[in-house]
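If you check TrEMBL, you get these features:
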{"type": "DOMAIN", "residues": "1-53", "note": "domain 'Cystatin LXN-type'"}
{"type": "DOMAIN", "residues": "73-177", "note": "domain 'Cystatin LXN-type'"}
{"type": "REGION", "residues": "178-197", "note": "region 'Disordered'"}
Amino acid sequence: IPESGHKYYLQFSTEDYRTGEDAGSCLATVLYPKKKSPPVVSIKCSHTKDKKEIQEENNRLYQRIRHQSKPITANNIPDSYGNIEPALEPVWALAVAGSSSIMWEKSTETLGYFLAQVKAVKQWIRKDDFIEFDYTVLLHEIPTQEIISCHMRLTWLPGRPLKVKHFCAPQSHGLAEASGAESGSAAGASAEKGAHF
């Protein structure tokens, strides 16, 4: 689209990342603006699971995390052999959902990302019903093959949008995008994204 950027029309199927079961199909349009900003996406999906079933799965995940006897702390998920301890699967599931908002913000037409590993995670105990975690995640950048380290603070309650604040270490080829960001400025309002889990 002259003066605007490139627009793509996509049709794709989705699957449950844990079970591999068909989760539905989607139609989407994606506009990558010429100016450096996140893509503009319009998406419509048909789900094979109904909303009630999805809510029940979310509640089961939430209850597993809430009923831990002590706060969760862990490193290297998955481990160097690609294994995830069953007790840490909910932590990994939240990392997948939360890091998707970082990948959404950082992706361009020529760069993509996927979650390679949770380097470290720590659960915060809250007085309300929300669950909250601090993550250090490693994102694999395609096609550069660089590994990007990001700190992510994630807050969630079933039925509410997942809240994610993040700060990523500057990459060698992307110093301009990190200018002004200081260690400890763990995200401003622009880095807080909501995504339904």
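Glycine is no exception: its Cβ is also placed from the backbone N, Cα and C atoms.
No curator has checked TrEMBL annotations; they are predicted automatically.
For the domain 'Cystatin LXN-type' (73-177), residue counts in helix, strand and coil come to 27 helix, 47 strand, 31 coil, using DSSP. Secondary structure counts, DSSP: the domain 'Cystatin LXN-type' (1-53) has 3 helix, 31 strand, 19 coil.
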